[in-house]
Amino acid sequence: MNCKLSVVVLSTTLLLASCGQQSNKQVAAQDSAARADTLSNKGGKKKIVEPTPTTPPPSECMALYSSPSANTATTNAVIDPSIDYNGEVGTLILSFNFDDAVSPAVDFVSSKLNIKLGDGLGAFGELPMIALQAPITRELVDTLKTNLQQYGLLSIYQDRPLQYFLDQSIAYIKADAARTAFKTTGKGVGVAVIDSGIDGTHGDFPNLVKNIKIAAPIIAPGLAGALYVDTPNSDLTSGHGTHVASTIAGSGTQSGGKYKGVAPGASLVGVGAGDAISILYALQGFDYVFRPDVRETYNVRIISNSWGTSGSNFAPFNPISIASKRAYDFGMIVNFAAGNSGPRENTLNPYSASPCVISVGAGHAKNTLTATNPRVRKGVPGELANFSSRGIPGDQYHHPDIVLPGVNIVAARAISGPIVDPYLGMDGTSPEPMYSSISGTSMATPHMSGVTALMLEVNPSLNLDGVLAAVTSTADPMFTVTGERRQLEVWEVGAGYANAYAAVEKAASTAGSRTTVQSSALDSWSGTVGTTVDGTPVAGEDNHNVTVPSGASALKIKTDWGNPAYDLDLYVYDPAGKLIASSAQGASVSEEVVIPTPAEGTYRVQLKGWLNPTTQYKGSAELEKIVALQ
């Protein structure tokens, strides 16, 4: 992909395969015609709210912002219900329906309220918004609404503080197999990381193409806009953003490749929004990324956001939600952390509930039950993290969309980042000073951003709806791991645990792809695994041989027994007898492995019990040939 490639329109429909329950958000992602409408304005500067189009029918994002209730805001602006009318100096953010409204709004505030541009008043460059600093009273808000409604005022919100919420994790979602089989690393895809910054001096960021710190807000005295400062290290006092960026596209150089990111070929754009991030600074991050000299120059297609708040309802006209809608109109994919306030319901980060973004929950990716390091969180692969925020049962918007690894994630440690200690290994005695281990949906979100980059290199025509459809239609269902086993629901995990290989495969099988996938069934069989208790078998394994010809891009092997209460693990040995792939989820009804570029010969497939009665299962093997299109 060329770095200056213009954003293109998705030109196909991705159908959702059966993968448990589907939300309205996932079903709406199938509408390719609506996705084309997203980019009908080549400049991307569409109105935030527009009347409902008759044809094509809208996607869920477009449906929300063209609904009658949304259109009401154009004549009766939404006022932040939590504004503090205490007369103290604060910052208000005013959002408008179109960009041309910014100039007359600035003129009014400057002339009538005597708040001057560059001295308490600021205008965004790419967002239809202004910010002003003044004593906040009801009289002020009423005056602003009354006089600026004529210019398409959509909302008035108060600035508030926000919160910042890899080796085995990459393999668990099969991202390594996708990279090898599809020859994709995310090359040519720009990923903007709005966070505390990135330590570009670390050594794991050769593809950090831009790194800035927001040094001053747009309302600061003496400035005509926000102050963005280029710097090698924009993450001086935190470390959060460096860790996030490393998970997306770190090279793993300082670990000999062990802690390589999901998409090591992707181009990183670091936007340091400050260690005490607020709505205003986050918006300035979006505004910077939307600039043509950034968005087009570095082909920024993805914005990764590991921050937010929790426990409040999604507000379509919150300025962060409006910025997400503008990104959607640009054809960008915005990923948001679901939040770390679980396991109670209605704890979701409201910014992640927008139908214009992808909401990412956190799961375990490795077995840490025997870890002796007290800082390691205990769990089994495939388990939903207890802290991962949940949505509201049956609600259209309040739910995660997908789950990715977010527990005990090892990634780059900022040299000056005191919030993250050096990783000491699973035993607590094996230090790796250049890396740290952190848990949170903050860590799951960059996994999704990396997977998105892999998908976009293979198929640059995808936008958010296409990416969402691909990743949700191929996700693995998730189950509880204790007590009576049940499948987790949409409000808890969305579609389930992401399978990066399958998502990239779906993207590659869709119109607009740079490759084609030729699949052929190789073998199928059935077998029985005897009773096993705590890994001690009575006759607790079954073996089957699969003969593989030469020339395949990937070998997929799957075993299915259908009962999540039974714990069985899959192991595959290559023709030389070496263990080449394994899958050992803690709670599942199946196990699957993908072996990229398999050598010719006979492979031994072993399904081994851990905790199960005598269990019958079915196995299958499939070959794939991935061919680049001319």
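Each residue, glycine too, has its Cβ placed from N, Cα and C.
Residues or ranges marked as active site, charge relay system in TrEMBL: D195, H240, S442. Here TrEMBL flags 186-476 as domain 'Peptidase S8/S53'. According to TrEMBL, the feature domain 'Peptidase C-terminal archaeal/bacterial' maps to 542-608. The annotation region 'Disordered' is assigned in TrEMBL to 31-58.
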H240 (active site, charge relay system) versus D195 (active site, charge relay system) - Cα distance in angstrom:
7
For the active-site residues listed (D195, H240, S442), most other Cβ atoms within 10 Å of the Cβ sits at D195
May I have the DSSP-based helix, strand and coil counts for the residues of the domain 'Peptidase C-terminal archaeal/bacterial' (542-608)?
0 helix, 41 strand, 26 coil
If you average the pLDDT over the domain 'Peptidase S8/S53' (186-476), what number do you get?
93
DSSP three-state assignment for S442 (active site, charge relay system)
helix
Using DSSP and collapsing to three states, where does H240 (active site, charge relay system) fall: helix, strand or coil?
helix
